[in-house]
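Notes follow once the structure below has been shown.
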Amino acid sequence: MALAKAASINDDIHDLTMRAFRCYVLDLVEQYEGGHPGSAMGMVAMGIALWKYTMKYSTNDPTWFNRDRFVLSNGHVCLFQYLFQHLSGLKSMTEKQLKSYHSSDYHSKCPGHPEIENEAVEVTTGPLGQGISNSVGLAIASKNLGALYNKPGYEVVNNTTYCIVGDACLQEGPALESISFAGHLGLDNLVVIYDNNQVCCDGSVDIANTEDISAKFRACNWNVIEVEDGARDVATIVKALELAGAEKNRPTLINVRTIIGTDSAFQNHCAAHGSALGEEGIRELKIKYGFNPSQKFHFPQEVYDFFSDIPAKGDEYVSNWNKLVSSYVKEFPELGAEFQSRVKGELPKNWKSLLPNNLPNEDTATRTSARAMVRALAKDVPNVIAGSADLSVSVNLPWPGSKYFENPQLATQCGLAGDYSGRYVEFGIREHCMCAIANGLAAFNKGTFLPITSSFYMFYLYAAPALRMAALQELKAIHIATHDSIGAGEDGPTHQPIAQSALWRAMPNFYYMRPGDASEVRGLFEKAVELPLSTLFSLSRHEVPQYPGKSSIELAKRGGYVFEDAKDADIQLIGAGSELEQAVKTARILRSRGLKVRILSFPCQRLFDEQSVGYRRSVLQRGKVPTVVIEAYVAYGWERYATAGYTMNTFGKSLPVEDVYEYFGFNPSEISKKIEGYVRAVKANPDLLYEFIDLTEKPKHDQNHL
């Protein structure tokens, strides 16, 4: 049932603002004949309710720590956000900047989707469903900080996250995962506002979706409020937002019925989604609204006056909060100092000393070594918030004394309990939203949180769009991906991620790390914490040898290094990750046959690429020595470093780990034969050094054997 219409407030100025706003949107889209006008025109009443009456923010200090967060999940409607930033007094959002929308201006602050680099934009949105998932992360961040640091009379963190979604967002997988999870957690500091215009790119929404959205949210433990005339009724939307703010124990959906392209010739038509109306259509609407049809890009002074009190109000918010924090620090010196460090985005100064240096000498899976790093760091570093997609039993990240971030009212059948002060999250089987939520945590305030996720490596493919968005936004998280390569063994090809390495190695602003033993795990984990960007660790389930005195904590941080040297080498072997073992054993056989063999360990291509030219040349010796990479992944990407590869060129197989390596020819005896032949071929024809040779044959085992 819809919320009863609220008593009118400021109807005349609301109406003037909405009319002028719609015309301004149309002018901006028309100037370069491109953009998304329709939803921005239909959502103006929502914007007035949020920016004028509800949200707590500062236009003079857009990064104020305790501000309410606003996320436009339907990012194509960015003109809506830019225009309200302009009206509310954000200094960087000038009329000139507004006019740069869809222009050729390299320095435009009005890109086609909101981007985190620009002021007052919390997260980059565009791929639908990401923004609402990020919003859950932002809400978790606030809940966690409040539970850890708030004291009676000192609510130093009490902000709300507001997120606008459209019909399309609510059809995307990560959104559905996040809606379910937010309801489960009872995040009452999250308010999602649904721009329900029932129109999509291809027509009306019912061509593909006829579900009851409100019923779905209620089933997911959301408080649901419905507003009938969302295109015009500012007062009722304000009332709905007030009710959302009063709700305890549940997030709120405000289902606002709007009209795409309101009052224009393409009202309620899919053409309003992403097309310019045309000069004649704009002229007709301006005349209908009582405006001068020849006047473009114009807000009446009364509209600016209506929003003019917002900067001063924001200054007051910031001043009062600073005074509160100052008193808080005096009242709680130790906790206050920690809180101030979190606000600055600082890790404890001693964090490196927390990482274990007593590394194993016996065969150990790299996932086990990584687990030791995470546990040691998380135990005493409050910035760390870690979790898994229902694989905690396998990845085993919870540290001694860890508390679960959980709805405090939840009583689980298995006895697991927690509250909002916990820092270990059970995400359920929701890999995509797990990583998108990690982005929200990272974006809350850079450095305040260090999100660490974990799952089987194969399942990070479900989360690829979220990891790409982390890279795009330069957000920092660490992802612990276990059961890599064909080492997942009996689980078979569905769980053996033989092709994913190429994706992550190619991703800009992203570090893919595949350590070969515990020393490399130690060095690379330290490096990952230092880096400002996201990292994915590719880790073995099976045990691998340790190489004290050969593998190097410090050299691993350089991405690639000389593991075993040889003067005037006949062949170089690159070992990566768990296949470093194959390189070492193959080298022994080749040496026994009279070849001089150099071994390179290569756990991270991007780190290696960042080294000096001199260092890279000293390690690789390109053009001088034939170089074979040995890795149980596809070869794509290794052409830049090696001249040949013993790699995977087919999907995996369900066999015990030793047998699956044998099945695909990953045994030193077989590899050494291929490499020996390759060395002879290169000596006979040196031109082979200048093309990449695949030394792997597809398995020829009898498929008909019963």
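Glycine is treated like the rest: Cβ placed from N, Cα and C.
Pulled from Swiss-Prot:
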type: ACT_SITE; residues: Glu431; note: active site, proton donor
type: BINDING; residues: His76, Gly126, Pro127, Leu128, Asn197, His273, Glu431, Phe459; note: thiamine diphosphate binding site
type: BINDING; residues: Asp167, Asn197, Val199; note: Mg(2+) binding site
type: SITE; residues: His36; note: site 'Important for catalytic activity'
type: SITE; residues: His273; note: site 'Important for catalytic activity'
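In the structure shown, the C-beta of Val199 has more C-beta neighbours within 10 angstroms than that of any other entry among the binding-site residues Leu128, Val199. Annotation note: Asn197 (thiamine diphosphate binding site) sits in a coil segment as assigned by DSSP. For the pair His76 (thiamine diphosphate binding site) and His36 (site 'Important for catalytic activity'), the Cα-Cα distance reads 6 Å. For the pair formed by the residue listed as 'active site, proton donor' and Leu128 (thiamine diphosphate binding site), distance between Cα atoms is given as 16 Å, rounded to the nearest Å. Those residues noted as binding thiamine diphosphate (His76, Gly126, Pro127, Leu128, Asn197, His273, Glu431, Phe459) have their most widely separated CA atoms at a distance of 35 Å. Between the alpha carbons (Cα) of Leu128 (thiamine diphosphate binding site) and His36 (site 'Important for catalytic activity') lies a span of roughly 14 Å.
The Cβ of Gly126 (thiamine diphosphate binding site) has Gly75, His76, His113 as same-chain neighbours under 8 Å, each 6 or more residues away in sequence.
Taking the mean position of the Cβ atoms of Asp167, Asn197, Val199 as the Mg(2+) site, the remaining residues of that chain whose Cβ falls within 8 Å of it are Ser39, Gly166, Asp195, Asn196, Gln198, Cys200, Ser204, Val205, Thr258, Ile260.
For Phe459 (thiamine diphosphate binding site), the nearest neighbour among the listed recorded positions (His36, Asp167, Val199), judged by C-alpha distance, is Asp167.
The two recorded residues, His36 (site 'Important for catalytic activity') and His273 (thiamine diphosphate binding site), show a Cα separation of 6 Å. Using a 10 angstroms CA-CA radius around Asp167 (Mg(2+) binding site), the binding-site residues that qualify from Pro127, Asn197, His273 are Asn197. Counted over every protein chain shown, other Cβ atoms within 10 Å are most numerous around Glu431 among the recorded positions Asp167, Glu431.
For Phe459 (thiamine diphosphate binding site), the number of other Cβ atoms no farther than 10 Å from its own Cβ, over all displayed protein chains, is 19. For Asn197 (thiamine diphosphate binding site), applying a Cβ distance below 8 Å and a minimum sequence separation of six or more within one chain yields Gly38, Ser39, Gly42, Gly166, Asp167, Arg257, Thr258, Ile259, Ile260, Asn268. A 10 Å cutoff on Cβ-Cβ distances gives His36 (site 'Important for catalytic activity') a total of 22 other Cβ atoms nearby, all chains included.
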